[in-house]
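Novice: Annotations for this protein, taken from TrEMBL, read as follows:
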TRANSMEM  29-50  transmembrane segment
TRANSMEM  70-86  transmembrane segment
TRANSMEM  136-154  transmembrane segment
TRANSMEM  197-220  transmembrane segment
TRANSMEM  241-264  transmembrane segment
TRANSMEM  276-294  transmembrane segment
TRANSMEM  306-324  transmembrane segment
TRANSMEM  330-348  transmembrane segment
Amino acid sequence: SQYSAVDTNPLSVYIMQPIWNKIIKMVPLWIAPNLLTFSGFVIILFNYFLISFYDWDYTASGTSPGLVPTWVWLFSAFTTFCAYALDSIDGKHARRTQSSTPLGELFDHGLDSWATSIFVLSFFSVCSRDNGKTGVSVYTMYIYLSIVLFNFMCSHWEKYNTGVLFLPWGYDISQVVLIAAYLLTGTVGVEVWQKPLLFGYYITDVLVILLIGFSLFLSFPQTLYNIHRAHLKKTLKNDSLYEGLLPLVSPLLLFVLLTVWVVLSPSNILAKQPRLFLWMVGVAFSNVICKVIICQMSSTRPELFHWFLFPLALVVYAAISGLLGGMEEAALGAFTALVTAAHVHYGVCVGRQLSEHLNIYVFSLKKRVQE
């Protein structure tokens with residue numbers, strides 16, 4: 001299917017696009033677009049592990065603000081900008097080198113679906129978790145991450161139904177806010193997040209309110225409106241309501257199962273292992289969304305139940321029924337490892353199959369020799 005995307009965000013159109021058009025001229029023509037996409041993802045991942053090293057349990061910014069060195073925040077601002085730039089120019093570079101392929105589209109959106117959660121998890125280190133005085137509770141973190149992933153899912157669900165990806169306004173805004181937040185933290189120190197900004201509200205409160213407001217009053221209504229408009233114009237990809245709603249079943253069930261675990265966990269698993277749990281949420285979601293993206297690109301039907309739901313349901317049942325006893329954290333660790341390995345394996349397999357099918361290399365513009 002022909003890729004079509006619409007970007008109407010003034011920040012993107014008037015400010016960022018001219019910057020990307022300058023940066024793209026510096027990229028050598030022999031570099032494969034997928035290499036740009038992948039480099040951006042690796043940079044985000046590296047930055048995430050760097051922050052995790054200094055702040056595994058999200059307390060460093062709250063308890064003793066000097067625990068994360070200043071250079072780490074400035075480096076985070078730099079890496080976030082680099083990743084944002086690479087993600088914004090990969091498509092332009094593909095058109096410039098006449099190498100736009102379905103593999104490139106899948107690679108870009110697939111890695112984005114994973115990077116989305118990693119951006120959020122890195123940002124949580126800035127505001128730190130609730131220590132009674134300042135910070136954000138781990139439950140707020142979980143809800144915040146879920147809303148961001150819900151937003152991401154909506155734009156791809158919308159494309160599944162309309163055939164057009166309306167680029168969410170939140171994307172460019174969130175990247176610029178992230179970079180600004182890291183720069184602010186690096187220059188002023190984490191203390192800036194721990195003083196009330198207005199009327200006793202903290203910056204973090206304001207950001208959470210903005211995010212929820214953006215999602216519920218801008219993003220989601222826009223998605224429904226775009227689908228409704230396609231319905232009126234008779235350009236919807238799916239005739240029946242069941243077909244149209246099918247991709248939402250697995251992500252919603254995933255969210256329900258995870259929330260049940262968070263709320264009913266005997267050992268309060270989210271508070272014990274927030275980084276592990278939230279990482280697992282992000283990976284599981286990414287895999288579910290990748291399947292939707294593939295279905296939407298190949299015009300096939302998504303399966304009703306994603307296979308992750310079955311082992312997850314077992315683990316959640318064993319945890320909340322008390323069967324696991326003191327093994328809950330170990331079970332979370334094992335499940336997280338399983339999901340992460342399965343997701344990486346899935347990505348490698350799909351990439352390999354598509355590159356063979358399209359007769360191209362993933363990271364090179366050289367053509368494959370026909371056997």
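Glycine too: its Cβ is placed from the backbone N, Cα and C atoms.
On this model, are these features tucked inside or out on the surface, and what's nearby?
Specialist: Non-local neighbours of the transmembrane segment (29-50) in the same chain are 72, 75-76, 79-80, 82-87, 89-91, 93-94, 96-97, 99-100, 103-104, 107-108, 111, 114-115, 118-119, 121-122, 361-365; each lies 6+ residues outside the stretch with a CB under 8 Å from one of its CB atoms.
Outside the transmembrane segment (276-294) by six or more residues, the chain places 106, 109-110, 113-114, 116-118, 120-121, 124, 141-142, 145-146, 149, 152-153, 156-157, 160, 247, 250-251, 254, 258, 262, 269-270, 300, 302-303, 306, 308, 312, 332-333, 335-336, 339-340, 342-343, 346-347, 350 with a CB less than 8 A from a CB of the stretch.
The list of residues near the transmembrane segment (330-348) in space but at least 6 beyond its ends in sequence, with Cβ under 8 angstroms from a Cβ of it, reads 110, 114, 269, 273, 276-277, 279-280, 283-284, 286-287, 290, 308, 311-312, 315, 318-319, 324.
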Novice: State the residues, same chain only, that lie 6 or more residues beyond the ends of the transmembrane segment (197-220) and have a CB under 8 A from a CB inside it; answer 'none' if no residue qualifies.
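Specialist: Beyond its ends, the transmembrane segment (197-220) has Cβ neighbours at 127, 134-136, 140, 144, 147-148, 150-151, 154-155, 168-170, 173, 177.
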Novice: For the transmembrane segment (241-264), find every same-chain residue at least 6 residues outside the stretch whose CB is under 8 Å from a CB in it, and list them.
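Specialist: Answer is 139, 142, 146, 149-150, 153, 156-157, 160-161, 227, 270, 277, 281, 284-285, 288-289, 291-292, 295-296, 301-306, 308-309, 312-313, 315-316, 319-320.
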